[in-house]
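Feature annotations, reproduced from TrEMBL:
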- 411-432: compositional bias 'Acidic residues' (COMPBIAS)
- 1-107: domain 'PH' (DOMAIN)
- 118-153: domain 'EF-hand' (DOMAIN)
- 154-189: domain 'EF-hand' (DOMAIN)
- 460-576: domain 'PI-PLC Y-box' (DOMAIN)
- 576-705: domain 'C2' (DOMAIN)
- 409-449: region 'Disordered' (REGION)
Amino acid sequence: MQQGTLMRKVKSKSWKKQRYFKLQEDCMTIWYQSKRTGKTESAFSISDVETVREGHQSEVLQSVAEEFPPERCFTIVFYGRRGNLDLVAGSAEEAQCWIQGLRQLIEPRSFSLTFALASRTWIRDWFQKADKNKDGRMNFKEVQRLLKMMNVDMNEDHALRLFQDADKSESGTLEGEEFVLFYKALTQREEVLSLFQEFSEDGKKLTLLELVDFLREEQLEDEGTEELAMELIDKYEPSETARARHVLSADGFLMYLCSLEGSIFNPQHQALWQDMSQPLCHYFISSSHNTYLIEDQIRGHSSIEGYIRALKRGCRCLEVDCWDGPNGEPMVYHGHTFTSKIPFREVVSTLGKYAFKVRHPSPGAGGRGWSLVGENTWLWVAQGASLSPTPQELKHKILLKGKKIGRLEDTLDGPGDEAPDVSDDDNGAEAEEERRRAKVRGTQHGSALQKDKETLAQALSDCVIYCKNVPFRGFQEARSHSRPSEISSLSEAKARKLIRDEGNEFVRHNAWQLTRIYPSGMRTDSSNYSPQEMWNVGCQIVALNFQTAGMEMDLCDGLFSQNGHCGYVLKPPFMRDKETLFNPSDPSSWEGPGPITLTIQVISGQQLPKVANSKEGAIIDPLVRVEIYGVPADQAHQETKYIENNGFNPRWDETLQFQLHVPELALIRFVVEDYDKTSRNDFVGQFTLAFANIKPGYRHIHLLSKDGTSIPPSSLFVHIRITE
């Protein structure tokens, strides 16, 4: 990897500044400084980097394509909503050196290794920040300063005692391994050690049988427990001697609890675990609204980054608004507003590159080839599809949702008469119904069809194979006249009224036909509505503004983080039955074993991040709030007390309890906030998952930022119990 490389940072065709870029000695941090002033401008961590793209693979670099050849250009893409960094190296060799070096550094590792590396990086970063005079040592005053920086408000006598215990050289300073000793003493997990000793006869190790007891009694692992115990020892025990004796030390026990197997999220559900051979209307589908926008709805920036980010997040339904552009080339933007425009050809090219790429592959998940639904755009479509295709049948295909001249069957059967909405191959009952419809609607049908033919190109109409867009005129009308191959779009306000007035009818409708919900036109700031109330009645395509962080997108990410992250989640059986009695607003309609009790003991937190833009020396007062989203009767939240001045290792030891009447629809959101008695609490981190994906027992919850990206090693330690 090059050190101190001079490159151009490009923001636009006219903004190109030369900067020195350098990888720090820790191989985890990159800083850059101005060539003119020599001032360090910014730094970012390798852990913030999602990927590196070669060549002109951003709108900014495409705009300077004539000036700089593709072999000298590359784009650093960050997790979350942080803007990309577009760079032009001095030569193709320099560009390749950075591209290959960065890719090696960000290459995915195992979960446990990533966690261990994050902890080591955490130690090194804090040491460098607190070592004021940069002599590689820390005196007690610097250690006190470090504790403040690390979100710890510790008694001075206790801090001095830890310092002196670690100062083996008795030099009055800590260096190298002495600081590691201090850090280990600081991060001693008493609550984990106590749990370990509860199952260990000698308090020093867990034998194979003792570990099996723990897995069965506390983690509720009931199948292949002895084999699992052996796997955990082989995987997480750091001592070769202990591994050979088939025992687990306290360090190995902690590593297991912090691992993927010790997470609250059932690792088996991270792979593709649901039946993908049911009709498309039987699935919740990850969906975005005005995907091309990365800001507001009126003057916001349109960008292919909107599509790339949504697709990488698991989105399967995208929106592309096409309008006539100069020289007959279609452009994509929010019509009748001041948003910027992007060429339609760039959007289609981007979809071709990213539509079926795998993101965070899990063991057994396979490639992410699940079908893509595009709205108002011309894409490659699923020819030869049945009237009720399944995600399995549609794998690696793109569907177009849009208006259509005539009937879907005409397209599937080949060219035919496009005027009447009736075909000769209908059976008697269907043909009679079509004749009745034609007679009732008479000239109104004919004039509407003629209008469609005048405004809609036949070639574009023929691209609509499955998702024919039709207006919604009520559930009775849909039952009598609509087909499973059709889809209606409803505003959030219209959907809420139907939920309130005809909840059960809405659920039944969504058992056989697709429904898309979109945000109110009043949400010009790209804010979102809660998707939960729409999922409660089985709406499949609940479109959200992916560019806007918040609870709504947390719920979306939480629901679709399962099932191989494929963007499809199978609805519960009672929502796939066209004769269901289920109504989310009517408890008497719920058929099930009765409410279950979810008991969550919030034990502790580890290395919680500081609040963004907080004052130097400020330490958070963290509390944990658990929020339940589901049917109205299940909506609830409870929170712990706040712990004053400790974001490093707070202990709550509080138990929260919830009754869930329809757990199949419930989402659980864990939120950590910095308590403020004079104003609104500040967000610290969160994690959201579907109830169906919870693993009971002692579990770690690895927190996510507001953007939905991980913030290792920040976590919560909890104990989960589920009883009927």
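If you go along the chain as it appears here, the first residue is 1 and each next one adds 1.
Quick reminder: no glycine exception, Cβ is built from N, Cα and C everywhere.
Curation plays no part in TrEMBL annotations; they are all automatic predictions.
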For the domain 'EF-hand' (154-189), the distant same-chain contacts (Cβ-Cβ under 8 Å, at least six residues beyond its ends) come to 123, 127, 136-140, 143-144, 147, 254, 604, 606-607, 648-649
Averaging pLDDT over all residues of the domain 'PI-PLC Y-box' (460-576) gives 95
DSSP puts the residues of the domain 'C2' (576-705) at 12 helix, 60 strand, 58 coil
Taking DSSP H, G, I as helix and E, B as strand, the domain 'PH' (1-107) contains 26 helix, 42 strand, 39 coil
DSSP composition of the domain 'EF-hand' (154-189), residue counts helix/strand/coil, works out to 21 helix, 1 strand, 14 coil
